[in-house]
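Asks: My questions all concern the structure below.
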4 protein chains.
Amino acid sequence: MNFTNPWIDDDGDTLREECGVFGAINATDAAAATALGLHALQHRGQEAAGITSFDGTEFYSRRGLGHVAENFSSQEAIAELPGFMAAGHVRYSTTGGSGLRNVQPLYAELASGGFALAHNGNMSNAKTLRDELVSRGAIFQSTSDTEVIIHLVATSRYPTMIDRLIDALRMVEGAYSLIVMTPEGMVACRDPLGIRPLVMGRIGDATVFASETVAFDIIGAEFVRQIDPGEVVKVDFDGNVKSLRPFGNQGSRPCIFEHVYFSRPDSIFDGRSVYEARKAIGAELARETPVEADLVVPVPDSGVPAAIGYAQASAIPFELGIIRSHYVGRTFIQPSDGARHAGVKRKHNANRGLVEGKRIVLIDDSIVRGTTSLKIVEMMRDAGATEVHFRVASPPTAHSCFYGVDTPERSKLLAARMQLEPMREFIKADSLAFISIDGLYKAVAQKKRDSGCPQFCDACFTGDYPTTLTDLETRVDREAQLSFPVGKVAASA
Amino acid sequence: MNFTNPWIDDDGDTLREECGVFGAINATDAAAATALGLHALQHRGQEAAGITSFDGTEFYSRRGLGHVAENFSSQEAIAELPGFMAAGHVRYSTTGGSGLRNVQPLYAELASGGFALAHNGNMSNAKTLRDELVSRGAIFQSTSDTEVIIHLVATSRYPTMIDRLIDALRMVEGAYSLIVMTPEGMVACRDPLGIRPLVMGRIGDATVFASETVAFDIIGAEFVRQIDPGEVVKVDFDGNVKSLRPFGNQGSRPCIFEHVYFSRPDSIFDGRSVYEARKAIGAELARETPVEADLVVPVPDSGVPAAIGYAQASAIPFELGIIRSHYVGRTFIQPSDGARHAGVKRKHNANRGLVEGKRIVLIDDSIVRGTTSLKIVEMMRDAGATEVHFRVASPPTAHSCFYGVDTPERSKLLAARMQLEPMREFIKADSLAFISIDGLYKAVAQKKRDSGCPQFCDACFTGDYPTTLTDLETRVDREAQLSFPVGKVAASA
Amino acid sequence: MNFTNPWIDDDGDTLREECGVFGAINATDAAAATALGLHALQHRGQEAAGITSFDGTEFYSRRGLGHVAENFSSQEAIAELPGFMAAGHVRYSTTGGSGLRNVQPLYAELASGGFALAHNGNMSNAKTLRDELVSRGAIFQSTSDTEVIIHLVATSRYPTMIDRLIDALRMVEGAYSLIVMTPEGMVACRDPLGIRPLVMGRIGDATVFASETVAFDIIGAEFVRQIDPGEVVKVDFDGNVKSLRPFGNQGSRPCIFEHVYFSRPDSIFDGRSVYEARKAIGAELARETPVEADLVVPVPDSGVPAAIGYAQASAIPFELGIIRSHYVGRTFIQPSDGARHAGVKRKHNANRGLVEGKRIVLIDDSIVRGTTSLKIVEMMRDAGATEVHFRVASPPTAHSCFYGVDTPERSKLLAARMQLEPMREFIKADSLAFISIDGLYKAVAQKKRDSGCPQFCDACFTGDYPTTLTDLETRVDREAQLSFPVGKVAASA
Amino acid sequence: MNFTNPWIDDDGDTLREECGVFGAINATDAAAATALGLHALQHRGQEAAGITSFDGTEFYSRRGLGHVAENFSSQEAIAELPGFMAAGHVRYSTTGGSGLRNVQPLYAELASGGFALAHNGNMSNAKTLRDELVSRGAIFQSTSDTEVIIHLVATSRYPTMIDRLIDALRMVEGAYSLIVMTPEGMVACRDPLGIRPLVMGRIGDATVFASETVAFDIIGAEFVRQIDPGEVVKVDFDGNVKSLRPFGNQGSRPCIFEHVYFSRPDSIFDGRSVYEARKAIGAELARETPVEADLVVPVPDSGVPAAIGYAQASAIPFELGIIRSHYVGRTFIQPSDGARHAGVKRKHNANRGLVEGKRIVLIDDSIVRGTTSLKIVEMMRDAGATEVHFRVASPPTAHSCFYGVDTPERSKLLAARMQLEPMREFIKADSLAFISIDGLYKAVAQKKRDSGCPQFCDACFTGDYPTTLTDLETRVDREAQLSFPVGKVAASA
């Protein structure tokens, strides 16, 4: 969960959700509600934010690099976005000034009128589609894969807007949760497997959509239900809500990492409280790999719920052995006579008075590259911990995500590079354990993982990708990306 | 502790430490160390930051509004501050462009050469001294009281710099922790009662000073000792450290609110771990005013250590019933059909899945105006809590601080306006209790408060100010400020 | 000439060339040369500037609002634009942040590779073409008509780039001078009538193109020749220059206003020195409408060459009766007790010592709305002039331009609203005279205007538009725009 | 005159007036009038501008780097400066961010209340006075010499403000035109010799002061008279104007360079039209050093009036042989294959069509370092001029100014480094002539220079400084600064 990690400069040692989306229709102040909703989704994308609104006649757009609050909290900003329908987007991964081109919602003037699109997810055949469109004379204004959808809609030969949209989506492969605005109303839809989340709510006469339920809490909206995998929901300006299922039923494979890390703990994802899921993971982890220790210490903030679960299940006291700063910002220049790891100390500091002379269990949500884990173990030892046991609230992350999560290249993932015991040595812990894949499924109320037809997308742990990966298959490094290491989930010094 | 409260727009419903100071001498990269040190002290002042350095010949200054990381993390910023001696300052309370004049360190060219000064605290006779200086022809460049000290030094008739400084400080009344730089070296000193904190550390050949020990942790420096009340420590460029005590021994009255809220929990203040002190306060609170409940919920983040202490002492589970956002920034425009309290929801959200149907104990560090407490109680009820009991880890805050803490006017303090039961009604809790003043002293390892000669400055709770308040005594509203309400510390519905 | 008028806030009382273009190929520092070239063309567009470069592999773009010097004078800016080919553009008329989308060169990734386009001129069937393209699925990223050309190229079915470009241009109606960059080289071309200017130069191995010859002077390039009407010049990376004439010979109709005002006086336009042309206009004006007076006073700076010509032909002394400020910028707040016309005084001040008691002849290049003319006449009278005779170095401007000049709506043009005598009354001059249309042609070395086949585009004076105006013909106000008032060219009080 | 030279980057090859001042009292919109007045004085200082206003209770200040229009044209800026009294200042020579400290008006809170000061000029004993003040405990906030005056006032023991000001000025040596604001009203005064200009005007009930009369024209104020040398004019809020002459009559030595270059040509200085003075200098120059030639060409823009005078007296046609750009800004990166002198071409371009094959007389106001003169001569030859004769509208500038003009070090002045013939060789002219010192005096209506008691300060030409130079006399390079080369004023190839 990123209620943990507001830092931009984590050296890539984290997984990042690439986007959050929000939409409101038939709302008195659609843009103001959208700004608040996006603010509650800020953890899903901190690099840029955009809102597009519609007042019955015109579309209005405003986009900016940085946080929602920096771009959309002023009266002036909201006044530029009049109307009773609006959609917004937060994203990672736009760098440089020209990056503004890629900030969503994307907007185009089609022959049928304005068309605005906010997209969370990633298409696995975007490059292939783009090349075909360009060869037919399409001119792209961004490097965003999302724009492919707009060109597919623009060149579709179907007569109605909704048919053109469905025609376009049939060609698309991968993960998408979309919010579309046209002069006829709003369309919200989720890819056939429902990989990325999307929920629907209501406040007064307004219908709202968002990546997570926390976006409803902030505006006082009621959570109605999630959009189903493959569902297309259309809302018009009279408030009529119509549900279409043009892709049939292809099963459901929501991203299990939403439970582990991406979603806020106060969200409801796939029918369950994320906080409770994380506590259950911690408790399961305590049962799977217990340890004798004096303190359970979360790696703040993402490890906190799992650590509370671990502490309650193990009856070892939960304590704040690491204090994090709320003021992080950029990397500082290091003084030459400074001690090691000032970088991590800028964010985290050992609570020395507590840790000294103690055996501690550290709880973190995941290990990506492992470099931060190493620094934190060393920080605990420098502060006088006698033993440091590392417990991870997810299985080893050994595969890249192609569905909208910004993972490092596979070769940088610690669990893709080494087995369990070398990992333990690398991070210098006295013991290291990950929750098992079945333990994880148990914690989210499944009996176990159904390997023939898994209940979630867990490709980052298993390499079992639920869709074809068309663009990737043309690349020589495919094997390296997809090979599957078999490994243990616990090791001790 | 402000590892809780990174928000600027808390509507004044908090107490704010006004400053943090840091100094380094005989350090290879004095400015880089100072920037990191100030970053660790960011919670003591978020409005502006400044650093002044000295390279043996020239003084260099750089000041800016906003956070340390925004102003001092770049290579360019540090390159503008060469030299082996530097001092820095973070502060609240400068508004507008011209406010830059008030950002410290203040610097002046005296007849004896450059003189730079960073000050944490507040003088209670500043206005009186300033008027006298102006009548003799002194021209002030800031509205900061700190500048008074520089003019007193400039016009002192003593021959040496250290004597001129001591001559100046003899005229000053109130609280000050100072770091001074001259071409002869660095001087660190603390007012005769040691109201504001100041500690000394060492790394390699360098001597460092800071408001809190966390500033040493971040640069890997060793904490040597605190500067004693009334002590003047002088360090020259050969590394000689000399301690003077020109004001005799007037007793020790450090601010007890550093333990309650101001200092970071990972700091050592007045010889004790702040985290342990806060847990002890929570445990004492559980003993003084127990309650039957299902969950102990901290008001994040400042209530967390006391809540852990309360939970451990009461054996009620500690749970995150309130999730806070890391992305706060400004107030947003409210949509007209939004629910109540979107403002507080921008920062805090109820963890509904957890709270629903439960009896909860909320733990907060203090109540200032009470408006935030009310919103949080209502948020818990909206989320389905069946009972909400409010416990406060400090006695009622009923008096203004004149020693460098930004308190609202007395008439705005809830505890100055009403007795306990009306307070409970105001915040709509089922019960409300504050720790007793003696309980607080017990938690910080005193038997009880020595009312003849209190061990701490606790004027904000007791109205017992340890110095004369010269400027205030000329004001008509003195009575209103100083009268002392006697009240209970616990009430139930 | 706009070496006269660097003011943005002239209340629309001027005609503005909409663009200037520059290109360089096979140049060591193509972007640096382009920046200087654009700077020399700054008078042709002051709102925004852009440069695109090509280094053999990639295209690089940088665009900004404001002057060339603000955006392209730094080492960093030029370093972002590597390569041996570059093209640039200056323009008026982009407002607001989103305006950046319209700043040229426009760039697109076509199936054949990158395609960059800088355009001076205006298409008179752009809207019609755009509607057709959008109906076929094209998505426009700007509101600029120039983008139409790119989509026409992108969807052309011809096999080579040059054929696709010519195919596109055959569909276009109106005025254009284009500089195109592709991975194969640079193409420069001018519409079939050569309405807007374009010249070719050479420096070392580099071939350069520009709107005016002054752009060659600034980089020390040699002026080779103008691009002919309807000519397409193609330069490859081996330095081969190939001239195509795909549109046949449709005659030549360059804009005569380039001589009157747009071009810099030190440029060579259509084979003649602009300065000499202006002096000749002034001399012809003196012959056509002489007046007895003490001083010839130019309205600075655009009236200066014509005033010198008038003074030399009339033997009345040339004097600076109006002094202009070089520091103009924005409109200021007017003090309520200020005198009238402080706005114009911000730019111009009467040289009272000179003017007092004198009969003066004011020379200006043109009258657009007439409001500035009125203020200047009044300023002369306020300074004590006994008679003020107004002479205009162009015929009455009575028609809008549809070929790339920003004219006010026709109804705002003084000469479209009234005959000569009412105009004289409006500006309060003692006498008013314009040069005759034949006098103007004489001054540029023609015997007279050939009304069957005019040698220039003079539609702003005559309403005789050299192309069809497809977009306009669908509009109801066509008659109002095109009707032709017949009037005298001289009147006296 | 600097209606010539709006360029910042002239490589120091010019003399720069260091300041302009403006004040208004009893004006409805004092700050708005001051902003316009400063705008008209922009040529006297382009680096920074400031305005301070007084509304009967409070003083308000706003200062900024850059032009007046950038800082003071908006409604917001003026709204920050309420009141019926205001004073403003434009200046050169502040670099970097901290430079803002030196932007005037300077303001101080004295015991008697607020005190604001705007100063044009330079004190020749500022350093000596400053050292004395600092030794007595004064703390300076700027590096500006002007602040010395404020400290002298602050520490004066006289009872009234006006007496304290006069007491302060008695200690000051050098040139100053001051505008002072106190809660009692406005004081305008000029040093005993009247070296720098200051004039008084009136509009409605308001009294206004300015460095030049053009500042009155722009607001429609009437020019009343100049402030006399040594005069102190005091205006109170009832409109009473009182003139004091506390320094007796020490003669009058206004700066003759105001006529040559500093003042705008449309100003009245020392009782004469500056434009007429410059034309007279040109005519005198034609008589002193005639030459056979085809064209008289001004170096734009400062050489224009003298060139008109030269042309009229010699009957050689006046022509614009050099066209200057209005868009100059910064130095550009030079392309490596660019021709020589692109720098100067950025500002000036030869009008080749006119110059080719002609013998030309170039007229410039002065020669400072000579580098620009060389480039312009070369530019004329490159454009085909057969002969280039250089005539200068002032005597050789061979001495530094210590009275508020920014001259290069003496060793950089061409006329301090060499005699006439080497100068001619250096700039590569066919002939070179300066006006004689007596010719200059004649042009400003004197019979000749009275060498016993010169009518003007002409120290830059003669080295005859009208005051002692206390600060300078302590410096070893005094001789170098003050020695006086005797030389001819005309030379030919």
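Each Cβ is built from the backbone N, Cα and C atoms, and glycine gets one as well.
TrEMBL labels come from automatic prediction, so no person has curated them.
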Asks: Pick the one from D:SER302, D:SER314, D:SER411 that TrEMBL also lists for the Mg(2+) site with D:ASP364, D:ASP365.
Replies: D:SER302
Asks: I need the most crowded of these binding-site residues: D:ASP364, D:ASP365. Count other C-beta atoms within 10 angstroms of each C-beta and give me the top one.
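Replies: Checking each of D:ASP364, D:ASP365, the winner is D:ASP365.
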Asks: If you measure from the Cα of D:CYS401 ([4Fe-4S] cluster binding site), which of the recorded positions D:CYS19, D:SER302, D:ASP364, D:ASP365 is the nearest?
Replies: D:CYS19
Asks: Note the Cβ centroid of D:CYS255, D:CYS401, D:CYS457, D:CYS460, the recorded [4Fe-4S] cluster site, then list each other residue of that chain whose Cβ lies within 8 Å of it, in sequence.
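Replies: So the additional residues around the site are D:ILE195, D:ILE256, D:PHE257, D:TYR403, D:VAL405, D:ASP458, D:ALA459.
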Asks: I need the nearest neighbour of D:CYS19 (active site, nucleophile) among the binding-site residues D:ASP364, D:ASP365, D:CYS457, using C-alpha distances.
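Replies: Considering only the listed binding-site residues, the nearest one is D:CYS457.
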Asks: List the Cα distance (Å, whole number) between D:ASP365 (Mg(2+) binding site) and D:CYS255 ([4Fe-4S] cluster binding site).
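Replies: With the alpha carbons as reference points, the distance is 15 Å.
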Asks: How big is the gap, in Å, between the Cα of D:CYS457 ([4Fe-4S] cluster binding site) and that of D:ASP364 (Mg(2+) binding site), rounded to a whole number?
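Replies: Cα-Cα, rounded: 21 Å.
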Asks: Within 10 Å of the Cβ of D:CYS255 ([4Fe-4S] cluster binding site), how many other Cβ atoms can be counted across all chains shown?
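Replies: A 10 Å sphere around the Cβ of D:CYS255 ([4Fe-4S] cluster binding site) contains 28 other Cβ atoms.
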Asks: Minimum Cβ neighbour count within 10 Å among the binding-site residues D:CYS457, D:CYS460: which residue?
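Replies: Among the binding-site residues D:CYS457, D:CYS460, the lowest count of other Cβ atoms within 10 Å belongs to D:CYS457.
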Asks: In whole Å, how far is D:SER302 (Mg(2+) binding site) from D:CYS255 ([4Fe-4S] cluster binding site) when you measure between their Cα atoms?
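Replies: That comes out at 18 Å between the alpha carbons.
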Asks: If you count other CB atoms within 10 A of each CB, which of D:CYS19, D:CYS401 wins among these recorded positions?
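Replies: Compared across D:CYS19, D:CYS401, the most Cβ atoms within 10 Å surround D:CYS19.
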Asks: The domain 'Glutamine amidotransferase type-2' (D:19-238): mean pLDDT?
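Replies: That region's mean pLDDT is 93.
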Asks: Specify the count of other C-beta atoms within 10 Å of the C-beta of D:SER302 (Mg(2+) binding site).
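Replies: Counting Cβ neighbours of D:SER302 (Mg(2+) binding site) within 10 Å gives 24.
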Asks: Would you kindly give the Cα-Cα distance separating D:CYS460 ([4Fe-4S] cluster binding site) and D:ASP364 (Mg(2+) binding site), rounded to the nearest Å?
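Replies: D:ASP364 (Mg(2+) binding site) to D:CYS460 ([4Fe-4S] cluster binding site), Cα-Cα distance: 17 Å.
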